[in-house]
């Protein structure tokens, strides 16, 4: 638990990693399992640990301003000079510690801590302090949440007890039974190894420390290990140990990775199609044919010479690998794949909700449960910071925060565009410098050299800005002062996604849709700062450059940011802590060496859990690379698949061995991330339509073949796409000197210099433009319709689960109807008894006490199905017609006398 930064408190929380004789860099080999997980009485379990940071005072001598810390312990803090054994002392003994001269800031923190602990005790939580005196370093306070507190909060939040599930097992016979048996045997090697005890853990509701230890061991051996990369994830065990929210993340990541296998297979087929047809591609053969002798206009002013199109043969052949008819099919397939992925995830999510008893969980309940999980460890935190009578913030109060938010986001966008513009200037200037080199080999590789180095610079800039934008998003969200944790998380996700999306894709958008579009033409080029000519696409088109840009940025982010950072940064932090410990003063080193290490000491040395936002963000950005520009790089799903196979085990190892165990938070879905995925899936349809129609040469080739080709083939396509330019029309000082060439060619659809309207767009240009726009509209509507059809065909809830839900609702209605019937019979019998009894004198009745003047009715025992008229708790006659709430709350299905999880774990309603 931590206070807001404004309070200045140095309080941390360690949620116990729950035990562990497994690979843990901080585990003490001699530590006895279970010893540090309980209070000194050996009965009360440690649920949370508060960590206080004590600062060394400047003087330890008594003074009038010296502050004395008075703490109350209920467990194992022996009095000074006491000879009682460790952990044995009377309840609520007071211990006074001298912590040095008073500091106003430290005094305020101390008051906050004292009030915070008092509120925790008032809420019913039990605490136990360290049995050691210290004035510097960490102080640990164990917190135990009794079952009564958990029951009270569950009742307050109306958490429903899971109903007893009934299954009808039908034995499969014939061909279907044989196929199912074969499939189970084939699938067996990919299943995690589960013992009988593990299956008991998987199905039980409450598990104690020995089972928790076994659960951790199973997760470490069968999940958090690179050697288990080919196995399915034990999602139910992940949920049992980390909670539903983290369980849903790994389940979503598993579904995404599994479906990437199908996309990877289709992408490989498309790439192989390009490889097998490259030698029969007519446009690339014409570009490589030296007999064609297409003399092209200079690529830069003055320093560049005229050149032959055949020198770009390699670029043309490489372009065909990704720019071929199969690319259009792959773009359509990937758009439908995105829809199928989302629909498949909804089915998987609903299945998990049912198996995890989350189907009846409403949105408001989810939001409350987020607070519930947090408030179990800090029930009084909201009481302390939200006092009654506080004025609510109005829109005028929030307006400065919103203004700073919008201004800062626009500023970050400006920084991103400035970075992209800087790389553009790098390409332009370096291209001009290399073109003036006397080395022929350097001049021939100018485009490849400049493109590769520019993309690497882009990658470095993206990685740096990503870290900056993450911190900026947190700061901007805090300025808005969100009311709830859910609102804070959603706003943070939106800001971080917006900034990181723009940062990652801005260079790719430039190459796909802007590069070469505004360069002008020979004799009328567009210049930057009157000196630098705007860059143009390669002779084979911009698609090959888009492919290079996308592949390097995607692979670089996955390799460096997603893997190296996640591995290297924790190691560096560990090294820093080790160095810091070596620099401790001798007194502290002796204190650390003489202290018996408990589990909370070991867990505190682990990294804190920062939430799932960074994990989701990595995959969402990757999903954009896979879906948005997949028409230019069919191998993107393959590289994403290889990365995710490693990412799953890397995240598993990080969660199990390197992070403090996070709070278990209930959740029924992945939240706002699903909306982002859905939006990106729809956006990818539009992007791929524009990439195919405007970036690739697919539409110009179709127009030429069916409108202008005399033979109905692609022969003559290159000559059709090149326009003529009279070199005498170059501006003075821009043409190469000493050349005898009179006419050069450039790629565009313009009138020749000898026409009546020289250098104006020709009718071919307008025909191609109309075809491109028509393709965008047709592609978008066709894919959207097919996507809706796929979503309609695939039901959100599996059939077996929907039938089980209907059966449970029917049984639940029967229970309530029987209860109403029993109540009606009870009331009728009461009236019949009153009619048979003689009326008592009014004087005698008025002499009775008020609480005894009304007959009382027995309450039906809802936990038993037998006689409901046994006398138990009773209600006054005046309340007999009071409507009883119908919510199936926690206390309806548990006994009043049973208050321990051990006795209630297996007792549920008979529904």
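All positions are counted from 1 along the displayed chain.
Each residue, glycine too, has its Cβ placed from N, Cα and C.
What you are looking at is a predicted structure, and each value in this text was computed from that prediction instead of being measured.
The stretch that TrEMBL tags with transmembrane segment, taken from the ranges 199-223, 224-248, 249-273, 274-298, is 249-273. Looking at 61-89, 90-118, 119-147, the stretch flagged in TrEMBL as region 'Disordered' turns out to be 61-89. Sequence-distant neighbours of the transmembrane segment (773-794) (same chain, 6+ residues past either end, Cβ-Cβ under 8 Å): 331-332, 335-336, 338-340, 342-344, 347, 681-682, 685-686, 688-690, 692-693, 699. Averaged over the domain 'Anoctamin dimerisation' (38-199), the predicted model reaches a pLDDT of 67.
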